[in-house]
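*Asks:* This is the structure I want to talk about, given as structure tokens.
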Amino acid sequence: MHTKDQIFAAPIARLGDFCFDEQVVDVFPDMIQRSVPGYSNIISAIGMMAARYAQPQSRLYDLGCSLGAATQAMRRHVTQPGCHITAVDLSHPMIERARAHLSGFKSEVPVELVEADICDIAIENASVVVLNFTLQFVEPEKRAALIQRIFDGLRPGGILILSEKFRFEDAPVNELLIDLHLDFKRANGYSELEISQKRTALENVMRTDSLPVHQARLRDAGFAHQDLWFQCFNFGSMIAIKSSEPAQP
């Protein structure tokens, strides 16, 4: 049984920026399930896609791994020989809790847990890279360089799975999907106070992009094949495939 998220249930006089500290880590499984529509579906599909695209003797990266849900999904599904997962998170409590979670499962796929900024991680010999609701917390001016480094570090035929909360350029549609997401959170037991305080805490640390912005960034990095494969309200996930054919001059 997961600990219930009640971080914002009482009024907070001096509300700081949201951070992935011990308090958040303690309730993270409950928080993510009650806040992100389709999260379980995305995690399951990450495992399925890793099974299809993992290449023998390659690395799989989970960048912003939190408690290791995507890492564990990949471990369960990957059967190619010689694969190795590198799971990275900047939060010390997240990495320590992920280590405890992952140690409870036996797998032939080794995992290296790294406490670091994902913008400082070298991507090498990769067949699968996962950014699961992580890029939105990276400073906007650093995002293109990160995507480029991922592309450069992928083997031909490798994939990037990019899950994000999206902003929509059509104002009425954007407003509708925001409202539907708020209804989703209300239906999952969050009060108006919790919703309001969490939104305020997140506004300076989570900055969302539109789908066309993501698509242009992926295209500019060199991904010839990319599209949205999942969406629920204003949350979704994209897949980008590095062509196995040499780029045309």
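Each Cβ is built from the backbone N, Cα and C atoms, and glycine gets one as well.
What Swiss-Prot lists as S-adenosyl-L-methionine binding site is Y39, G64, C65, S66, D117, I118, N132, R199, and the listing cites sequence analysis.
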*Asks:* Fewest neighbouring Cβ atoms within 10 Å: which of the binding-site residues C65, I118?
*Replies:* I118
*Asks:* What does DSSP assign R199 (S-adenosyl-L-methionine binding site), in three states?
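*Replies:* It is helical.
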*Asks:* Measure the Cβ-based neighbour count of D117 (S-adenosyl-L-methionine binding site), defined as the other Cβ atoms within 10 Å of its Cβ.
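*Replies:* By my count, 11.
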*Asks:* Using DSSP, would you call Y39 (S-adenosyl-L-methionine binding site) helix, strand or coil?
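*Replies:* Looking at the DSSP assignment, Y39 (S-adenosyl-L-methionine binding site) belongs to a helix.
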*Asks:* Rounded to whole angstrom, what's the largest C-alpha distance between any two of Y39, G64, C65, S66, D117, I118, N132, R199, listed as binding S-adenosyl-L-methionine?
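*Replies:* The two farthest binding residues have Cα atoms 24 Å apart.
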*Asks:* Among the binding-site residues N132, R199, which residue has its Cβ surrounded by the fewest other Cβ atoms within 10 Å?
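*Replies:* Sparsest of the binding-site residues N132, R199 by Cβ contacts within 10 Å: R199.
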*Asks:* Translate the DSSP assignment of C65 (S-adenosyl-L-methionine binding site) into the three-state scheme.
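*Replies:* SS state of C65 (S-adenosyl-L-methionine binding site) = coil.
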